Amino acid sequence: MSNTQAERSIIGMIDMFHKYTRRDDKIEKPSLLTMMKENFPNFLSACDKKGTNYLADVFEKKDKNEDKKIDFSEFLSLLGDIATDYHKQSHGAAPCSGGSQ
């Protein structure tokens, strides 16, 4: 049986996470910045927050245990914020109109 679209989406998120992790299965700050720029350029552009300071703030907000790395659950929290923004846009909200960002 082949995977459903939802299953493929989740597998894709896991693959994206692993592309930027190290042996400890966590993303360090430089890799997170690269991941955001490579995978979410339209999101960053729409928010008009392309600068490193914005991305650094996102890292600090998502690094809940303050280990200077992003684990998988922290990564999912970041993706959730991005998905929430796109969902709001689907209902007519302007990009980056609020939320955890």
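Every residue gets a Cβ built from N, Cα and C, even glycine.
Model, not experiment: these values are computed from the prediction.
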Site-mate of His18, His87, His91 for Zn(2+) in Swiss-Prot, selected among Asp24, Asp25: Asp25
- prompt: Taking Cα atoms as reference points, which of the recorded positions Ser2, His18, His87, His91 is nearest to Lys69 (Ca(2+) binding site)?
  reply: His18
Task: Could you give me the DSSP helix, strand and coil counts for the domain 'EF-hand 1' (13-48)?
output: 24 helix, 2 strand, 10 coil
- prompt: What is the nearest of the recorded positions His18, Asp25, Cys47, His91, Cys96 to Asn65 (Ca(2+) binding site), using the Cα of each?
  reply: Asp25
Message: If you count CB neighbours within 10 Å, which one among the binding-site residues His87, His91 has the smallest count?
response: His91
Task: Quick one: among the binding-site residues His18, Lys69, which has the most Cβ atoms sitting within 10 Å of its own Cβ?
output: Lys69
